[in-house]
Amino acid sequence: MKINEIDIKIIPDSKGKDTLEAEMESGGIRITASVPAGESTGRNETKVIVPKAALEKASWVKTQMKNQDFITLEQFDGFLNTLDGTPDKSNLGANFILSLSLAFTKLLAKQSNLEVWQLIAKISGSKPGLPLCFFNVIEGGVHTTDSLPFQEYWFIPKTNSPKEALDKCLSLLKFLGEKIQAKYGEVKMGSEGGFTVPSKDAEDGLKILQEVIKERGLDTNLGLDVAASTLFENGSYRMGEKIMSNNDLLSYYQLLTTNYQLFAIEDPFAEEDWDGFAKITKSLGSATWIVGDDLTTTNPKTIKMAAEKEAVNAVIIKTTQIGTVSETIQAANLAKSFGWKIIVANRGEETMDDFIADLAVGLGAAGLKSGCPLQKERLVKYERLLEIESRIKN
Ligand code: PGA
Ligand code: ZN
């Protein structure tokens with residue numbers, strides 16, 4: 001496939017910050033792709049550049065691409081990595097590289113007469129399937145101001161029909177908003193469109209969620225993204241006013257898991273706290289998904305290390321962490337080879353691009369985590385799942 005045209009633009013993301021959109025044309029087909037950005041990033045993520053710098057580098061990249069004929073996605077991504085020439089993509093920037101990789105994937109799907117998820121299933125050798133939806137309905141941590149210490153509280157309806165899941169979530173949100181208003185006198189939103197709760201007690205988020213679920217008789221699981229690296233200070237964890245050791249925190253998770261039947265806990269410890277991860281996976285991992293995100297950063301090296309240390313049994317997959325679609329697929333396949341669950345996820349700052357829904361279906365991921373459907377940048381991903389669901393079923 002010859003790329004005739006690439007146009008790089010700066011667009012606003014869900015927080016109004018600059019991000020990149022790539023428009024690519026080949027064989028008369030024109031496609032756009034845009035990249036999200038993280039707010040609580042893992043240390044081992046590839047490096048992004050300021051969007052303006054990408055505009056300056058774009059014409060050089062276009063010249064290098066002239067006369068190239070790309071057959072596979074791997075070949076295209078490999079070409080970009082060679083142009084970049086660094087191990088962390090800091091030269092061209094993981095965000096710039098990813099905008100091109102995403103656009104190429106979409107173009108390749110169109111030219112092959114496949115849906116994007118079908119192409120991903122083919123490249124990755126996966127059996128495609130609809131994921132569980134991990135709705136981020138209550139937010140805390142660095143995605144908010146004056147809210148709970150944990151970053152995300154998930155409502156995970158027990159259904160593999162995204163349509164049913166979304167209906168349940170929207171009905172929950174109505175009553176959850178009313179309950180928060182009645183209890184705290186205000187309803188504010190976090191980065192991903194979920195509600196905030198003005199309390200320093202992490203358990204309050206689970207309590208209020210459980211109250212609504214019981215009152216409404218909703219059949220659901222609950223889960224958390226603690227993003228514990230953001231709570232880690234001098235070897236301990238700051239939880240509101242309390243300072244906790246990793247053993248204290250482990251006991252706390254054991255209690256919460258019993259009281260709220262937690263289905264999954266993401267980043268329960270800081271990314272350098274391998275000991276904490278290994279302990280919780282040993283203690284709770286037979287019944288609960290212990291999920292790596294900042295720990296594993298969609299990177300085969302850190303995923304391997306996590307497997308050696310038996311630190312997790314599930315993993316978050318984010319294209320932005322590694323910076324190309326083909327390396328994302330490789331990381332997901334490696335994680336699957338250890339028998340882990342895969343959850344494809346959005347970022348703190350999102351765009352209207354719905355690629356991750358196709359990625360989740362194409363990889364046959366166990367989950368899609370795309371924030372709260374009250375924000376349009378999150379909703380489009382769930383709506384894309386609905387579209388795929390209706391096509392698969394008809
Ligand atoms: P981020 O957070 O995209 O802001 O890094 C999301 C997450 O931790 O899952
Ligand atoms: Zn996370």
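From the backbone N, Cα and C atoms, a Cβ is placed for every residue, glycine too.
From a predicted model like this one, the values you see are computed outputs, not experimental measurements.
If you check TrEMBL, you get these features:
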- 3-120: domain 'Enolase N-terminal' (DOMAIN)
- 127-394: domain 'Enolase C-terminal TIM barrel' (DOMAIN)
- Glu192: active site, proton donor (ACT_SITE)
- Glu266, Asp293: Mg(2+) binding site (BINDING)
- Lys318: active site, proton acceptor (ACT_SITE)
Glu192, Glu266, Asp293 filtered to the recorded positions whose C-alpha is within 10 Å of the residue listed as 'active site, proton acceptor': Asp293
C-alpha spacing of Glu192 (active site, proton donor) relative to Asp293 (Mg(2+) binding site), in angstrom: 17
Of Glu192, Asp293, Lys318, recorded positions neighbouring ligand 1, Cβ under 6 A: Asp293
Secondary structure composition of the domain 'Enolase N-terminal' (3-120) [DSSP: H/G/I, E/B, coil]: 50 helix, 24 strand, 44 coil
Those recorded positions in Glu192, Glu266, Asp293, Lys318 whose CB falls under 6 A of ligand 2, listed in sequence order: Glu266, Asp293
Residues satisfying Cβ distance under 8 Å from Glu266 (Mg(2+) binding site), sequence separation of at least 6: Glu152, Gly223, Leu224, Asp225, Val226, Ala227, Val291, Gly292, Asp293, Ile316, Ile343
Cβ neighbour count within 10 Å of the residue listed as 'active site, proton acceptor': 25
Set of same-chain residues at least 6 away whose C-beta sits under 8 angstroms from Glu192 (active site, proton donor): Asn136, Glu139, His143, Glu152, Asn346, Gly348, Glu350, Gly371, Cys372, Gln375, Arg378
Mean of the pLDDT scores, which run from 0 to 100, over the domain 'Enolase N-terminal' (3-120): 97
